[in-house]
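Engineer: One structure, pasted below without further comment.
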Amino acid sequence: MRTLELEFQAFGPYKQKQTLDFTELGAESLFLITGPTGAGKTTIFDAICFSLYGKASGTDRDHDTLRSDFSGHDTETFVRFTFSVKDATYRVLRKPKQWVPKRRGEGLKEEPATATLETFTDGAFVVTDSKINEVNDHIKTILGLDYDQFLKMIMIPQGEFRRLISENSQEREQILQKLFQTGKYAALQDYFKDKVKDQAQQLTNLQQSLQFEWQRIPWETEVEIDQLTTTELLERLETKITETKQQIEDNEMKQTELKQTLNQKNTTLQHQSQLLEAFHAYETKQQERTRLLEKEPAITKKRQTLEAAEKAVTLDYYYQDYQSRKKEVDDKAAERESTLKEQTRVAEAFGEQQAEFDRLHQQVDNFASVKDELKQAEQQLQDWQTYEKKMANLKKQGNHLRELTATYEEKKASLATLQTSIKEKETVLNTRHEIEASYLKAVREQEKQEAALKKLAEAKTAAETLTTLRAAYKDEQTKLKSFEVAVEMAKQQEIETDRRFRDGYAYRLKEALASGEPCPVCGSTNHPGTEHTPVALVSDAVLEAVKADREQKERTLRQKQADVAELKLKGTYQREKVDTLLKDLSVDLTSTPEVSTLQAWIKERDAELSDINQAVKRYEEKKRYLNELALTLDKETKQYRHLETELLARSETITTEKATYQKLETESELLQQRLPTDKLTFNQFEAEFKDKQTQVKIFEAAYEQADKDRRKLETKKQTLDTELSSLDRYLTELRNKETERQTAFQQQLMDSAFDSEAAFLTARQPSDVREKLKREIQTFDEAKQTLTVHLNTLTERIADQEKPEIAPLKAELLALDERYNTRVKETTRLEESLTLMKGVKNKVNQQLDTIKRAEQQYQTIKKIADLSRGDNHLKLSFERFVLSSFLDDILVKANQRLVELTDYRYQLRRSHEIAKRGAQSGLDLEVIDHHTSKVRSVKTLSGGEGFKASLSLALGMADVVQAYSGGIQLDTLFIDEGFGTLDDVSLEQAINTLKGLSQKNRILGIISHVPQLKEEIYAKLEITTSPNGSDAAFSF
């Protein structure tokens, strides 16, 4: 990625729109970002980070607070960043969440954050994404980096310079995890860990399932399953299966014998039961025959009734016809009587209605003259109504005109009041720039004091650590002297022991000599002095123990000497750190101050800061008051303009309304001349008119209704007369037909077998009754015949037979059946048990094979899981192994620069020491000091040395991450602070290294206050401040 142009407005301390064209740098790709503290140097990189990822560059800056305090709500905050990746050019525009004026009405509304990404295509920028999530994803795809990786590779932020070099192994692991996104390796470790748990649970479940299968077997005696091996249990199961098979065979043989006996007894019982049933059936049929004979007299009577009813069927047709005609005559006679009554009532009503109509007809002429009068009065009433409306409108218009005039005067007074208020507020706001300048001065002083307090606190902490180190150094020196004495004593003891060992060796040689034999040392056969015996002999083991004790004490002494040297080095580093911190505060020191002195300075600075904070708060309150006053002024100005426009419009309205009032007054006077001259009021005249109008309407309605009712009654009377004549004719015809049907019925009755009409009526029966009688008689006859046949058959069946007793035979058969069923159940139980045991046997064998495979798989997976989580001789997890590989690559690149920056004195390396107490290894850093040929912790590096190591490590990390990110070339790097800790030589070396980087077509921006950098670096991005905010521009 190469930076081309950065444009932003109302962002951080920048109020006005800033446009930074990085192509102006040309060949000067190394530039210095310079300006006062708090002017907004780091904000340049904040703007780049915000445009790309929507976040600021440092952990202490919130992207929601990046809007400039210098800008009003009418100034929009945005960042537009143009950059290129390989041959493609992109432009991203991002706006944070902010409050803006409403488009309609007054007040503010919250505008949500937005983002737009454009691609340069065919000579113009074209929008490719306009949603925040889509823009974020596309940026990550283009750069191949997420936010954390971008910061580590493009920017070395202020306050975070030494983090990677000084953090412990766990924190360094978290950084490398984010950079190289190695979460998948940790996920793989967790996968194997979970797999081990799953496999162990599976084994447990299989063992429990196996135990359950053993418990399913119906052992005859209680078996201690846990105390027997699987082989023993299988042998017992096989024995149990064999015994059960034999029991089944014995039971089946006895079951067959019982079945044969049971069949024979069943045959006998069946024959005896059939004979007994025949005896019972004969007795039952005899009883039925007796009951049937008892019903025979009633059946005979029903036969006679049925015969008479059958004879009456032929005569019944004539009787029914006669009765039907008689009913028609009766119904029609009743209808004629009803019609006659209605005809009499209608005739009377018609006479009354005719008289009422004649009465109303005589008043028609009188009401015609009244209608003529009403037409004239109606016109006068309309004129009067118009006059009344005109007068009401005239009164309303007068009131409205007075209200307009009063409101106009009130608005005029309000306008004068607003004008006075506006002038007063403008006078107060003229002091705004002075207060803003004082506020910025107080804020800078506040930042300065806070920075000083922070450094004093760091110096105090460092001084406390220095005091502790000095005390420890003195204590260790005292211990060191005692160890030196102990080593010296051990040496003397070794010399004395060695001497005694050699004396003893001569004595042992003498003991081995025989008289007259030559000495193996001198060759003499004479051995004088052999009578002398040493006080105590020293063996080889004792001598070796004394030597080992001396060597152990010497090793302990060397370790103590190293500890004392390390404490001295740490003390020197802490003293330099305290001096450096105080030097930054411009404190003139002849020696490092005590902790109590630093505490007193902190207390003094704290009191000064408290006063400054109070001043800042006062200025902030004044600023808030002035801002609120400015908003109020803006609001009142708008009100003044609006009111001024409104007064002009109201003046024109009053003129128009006056003309309307005069017109209404003239029209009312003309209408008054056309009103009636009598003394009635408008309401009285209107009431009299409506009364007459109502009377006319009532009369006309009554006259019309009377005529309508008269005609209706006349028509109904004529209709009833016609109906009555028709009924008389039809009734005569019906009576003639009735007489004919009566004569025909009487003739048939005389020819029938019945003596009288009463006898006929007695014999008549409905058809359903006749059918019922037929069915009852037929059923009786059939039952009698069937019963006779059955009795004859049963008599033949039981002839010469005695009635059997079958209860004893049933009891015997029941006992045999019970014994047979018991055998069947026992056989079934044994077969089920056999089937169960065979199934258990097969399943146990299958589960044993499954358990064996599961145990093998568990051991394999457990070994992999233990290895991946660091349970190995290196104490190195799989993810840490991958991270250590990345770290080695970073250190190779870092050391290429570090050896140049330190004149080949220092070299970084990854510690291979195995961690203790279960901790993870592999990511700790050490520094090789080629001057002392010793390896020590990177935390012992001084401030300048630490900066060189951090810079080298950051540059090496950027190179490696680029290589692992698909070969993306990042042609931009920013360094924020850190050069103030370097001496002149180191600073020159760092500048040469950075110039070497910039010569590789890479833009390199340095944020620093070091004066020498201003002389060494030609291109500068200068930040200037003013009461209206900061401004940025390139200078060469």
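Note that Cβ sites are derived from N, Cα and C of the backbone, with glycine treated the same way.
Since we're looking at a predicted model, the values are computed, not measured.
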Engineer: Any idea which of 193-220, 781-808, 837-864 is down as coiled coil in TrEMBL?
Structural biologist: 837-864
Engineer: Under TrEMBL, the annotation coiled coil belongs to which of these stretches: 456-493, 874-911, 950-987?
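Structural biologist: Matching range for coiled coil: 456-493.
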Engineer: Given the ranges 67-94, 515-542, 543-570, which one is assigned the annotation coiled coil in TrEMBL?
Structural biologist: 543-570
Engineer: Note the mean pLDDT of the coiled coil (456-493), expressed as a whole number.
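Structural biologist: Per the prediction, mean pLDDT sits at 84 for the coiled coil (456-493).
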Engineer: Could you give the residue numbers and ranges of same-chain residues that sit at least 6 residues beyond the coiled coil (456-493) on either side and whose C-beta is under 8 angstroms from one of its C-beta atoms?
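Structural biologist: Those are 546, 549-550, 553-554, 556-557, 560-561, 563-564, 567-568, 570-571, 574-575, 577-578, 581-582, 585, 592-595, 598-599, 601-602, 605, in sequence order.
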